Amino acid sequence: MTQQFDVVVIGAGPGGYVAAIKAAQLGLKTACIEKYQDKQGKVALGGTCLNVGCIPSKALLDSSWKYHEALSGFKVHGIEAKGVTMDVPAMVGRKDVIVKNLTGGVATLFKANGVTLLEGQARLLANKQVEITALDGSVSVVAAENVILAVGSVPSTIPPAPVDQDVIVDSTGALDFQAVPKKLCVIGAGVIGLELGSVWARLGAEVTVLEALDKFLPAADEQVAKEAYKTLSKQGLNIRMGARVTGTEIKKKQVTVSFVDAEGDQSLTFDKLIVAVGRRPITNELLAVDSGVKLDERGFIFVDDHCKTSAPGVYAIGDVVRGPMLAHKASEEGIMVAERIAGHKAQMNYDLIPSVIYTHPEIAWVGKSEQTLKTEGVAVNVGVFPFAASGRAMAANDTGGFVKVIADAETDRVLGVHVIGPGAAELVQQGAIGMEFGTSAEDIGMMVFSHPTLSEALHEAALAVNGHAIHIANRKKR
Ligand code: FAD
Ligand code: AMP
């Protein structure tokens, strides 16, 4: 007999597993289907984010930063560290343990919340029926009142650089190098390319980043992007803008990368090449011809503001639908959809999804950039506070970057918070909380901030919006 559920979720990434837990918490009989197998061939939950994305990349970023600090950041504190070495397999092994703990934790949460896990590859049929091909090849069908498609994305590829996961790798392969490549090339100066390039540069690789666009980090505030380019270049990342990769050739475990830039045809040879040119949604083999689910012109599943697809009772969330490909966006969509299925009137504020790049310094923002607001014709006041003037940043010997607060010139409402510097991700979240409540720059300025903290830089930047900063000279006097 066909098993029947209130909700069937396809995919157990941060979109799907969160949606499944929330639906179960709301009293709905819920199943979640997942196909991903870990290195031991066991089905692992958590999706891209936990297995080969957010978490493992941050584990390597943290390890490599500690190594870098031990080599070159201790001296200023009077600490002499001699004979510092890096055991790459141990670093990668630590990352694997963290991944295992977290993915196992999701399985425990499923049990605790009564979510039924169904292992295998799912395909959506007509009338909210879902076909599951188990790992042993057996096929079964479950039926649902509601289906949530949370199948995520995979790394994009480009014809000139076919991935072999040996010399030419994607982001997944770049998390598992067993030794530091002497010369490393990264195609794509996006978030993933910069983070992975930073990991291996800190460990001693000579890193070249080739980026087809002329503009660095086009989604970031221009002032922040400029500072980021300067700082990352100083750290040794050779970021070549306007460089479009046109071909690769592997010979004797080395890869020669051909590219075109303003100076014409070029080629360089490397030990490893990471292809980090973005991600694409996974929809092939997911939808039966009569599933009723339509794709948009870019191949994403077409959804409305509440993640409803064109098939009644079928929803889609996360990387497989429009919007930023971020774990927290996927999770919040999962919560919204579960609540709406349970009859609540949940909404999601797509205007306030924070973005973070976990380089050092971190780069993070929420809301609009100064250039976007300018294009939209919005008059703004801007307050900037450099970490060079922060006592806490000086104590930590981490004074690069600044906090920038942008407020509407007429209403003083904060429209954007942009940070490059220590703790950027956490500081921007404070801005996001304020902005969600419609804060003005003056509101933030009137609050008491602990001293000495990095957060004081946000306080001072908010004060600077109206010329009231205390610890820097104000550009604008009031
Ligand atoms: P996914 O996490 O991709 O999960 C989808 C799941 O569905 C997968 O487990 C897949 O196996 C399963 N699936 C697919 N098809 C089927 C099927 N037919 N049947 C059964 N199961 C199926 N985001 C951040 O917010 N912060 C970060 O710091 C960050 N760092 C990243 C670093 C890297 C290197 C990468 C690659 C990504 C990073 N991301 C980060 C992006 C983040 O991982 C994704 O935005 C997020 O995982 C999307 O969640 P999702 O649930 O939509 O999809
Ligand atoms: P993101 O989508 O943020 O991960 O960034 C991927 C980056 O890769 C984008 O900035 C693209 O411009 C860049 N890119 C894509 N194809 C190429 C190519 N052939 N050569 C160089 N850069 C590329």
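Every residue gets a Cβ built from N, Cα and C, even glycine.
Quick caveat, the model's predicted, so the values are computed rather than measured.
The annotation active site, proton acceptor is assigned in TrEMBL to His451. Taking Cβ-Cβ distances under 8 Å and a sequence separation of 6 or more, the neighbours of His451 (active site, proton acceptor) in its chain are Gly391. In the three-state DSSP scheme, His451 (active site, proton acceptor) is classed as coil.
Taking the Cβ of Met325 (FAD binding site) as reference, residues of its chain lying under 8 Å away and at least six apart in sequence are, in sequence order, Ser153, Arg279, Asp319. Per TrEMBL, the feature FAD binding site maps to Lys58, Asp319, Met325, Leu326, Ala327, His328.
TrEMBL lists Gly188, Ala189, Gly190, Val191, Ile192, Gly193, Leu194, Glu195, Glu211, Gly278 with the feature NAD(+) binding site. Look at Gly190 (NAD(+) binding site): DSSP puts it in coil. Cβ contacts within 10 Å of Gly190 (NAD(+) binding site), excluding its own Cβ and spanning all protein chains shown: 20.
As annotated by TrEMBL, disulfide bond applies to Cys49-Cys54. For Cys49 (disulfide bond), the same-chain residues lying six or more positions away in sequence with a CB closer than 8 A to its CB are Gly13, Pro14, Ile55, Ala327, Ala330.
What TrEMBL records for 5-334 is domain 'FAD/NAD(P)-binding'.
Positions annotated as domain 'Pyridine nucleotide-disulphide oxidoreductase dimerisation' by TrEMBL: 353-462. Averaged across the domain 'Pyridine nucleotide-disulphide oxidoreductase dimerisation' (353-462), pLDDT in this predicted model comes to 98.
When the recorded positions Cys54, Gly188, Gly190, Glu211 are screened for a Cα within 10 A of the Cα of Leu326 (FAD binding site), the ones that qualify are Cys54. In the vicinity of ligand 1, defined as a Cβ distance under 6 Å, the following of the recorded positions Cys49, Gly190, Ile192, Met325 are placed: Cys49, Ile192, Met325.
The residues of the domain 'Pyridine nucleotide-disulphide oxidoreductase dimerisation' (353-462), classed with DSSP into helix (H, G, I), strand (E, B) and coil, number 40 helix, 33 strand, 37 coil. Under DSSP, Met325 (FAD binding site) is assigned to coil, being neither helix nor strand in the three-state scheme. A 10 Å cutoff on Cβ-Cβ distances gives Cys54 (disulfide bond) a total of 20 other Cβ atoms nearby, all chains included. Candidate binding-site residues: Glu211, Asp319. Fewest other C-beta atoms within 10 angstroms, Glu211. Among the binding-site residues listed here, namely Gly190, Ile192, Leu194, Glu211, Ile192 has its C-alpha nearest to that of His328 (FAD binding site). Checking the binding-site residues Gly188, Gly190, Ile192, His328 against ligand 2 with a 6 Å cutoff on the Cβ atom leaves Gly188, Gly190, Ile192, in sequence order.
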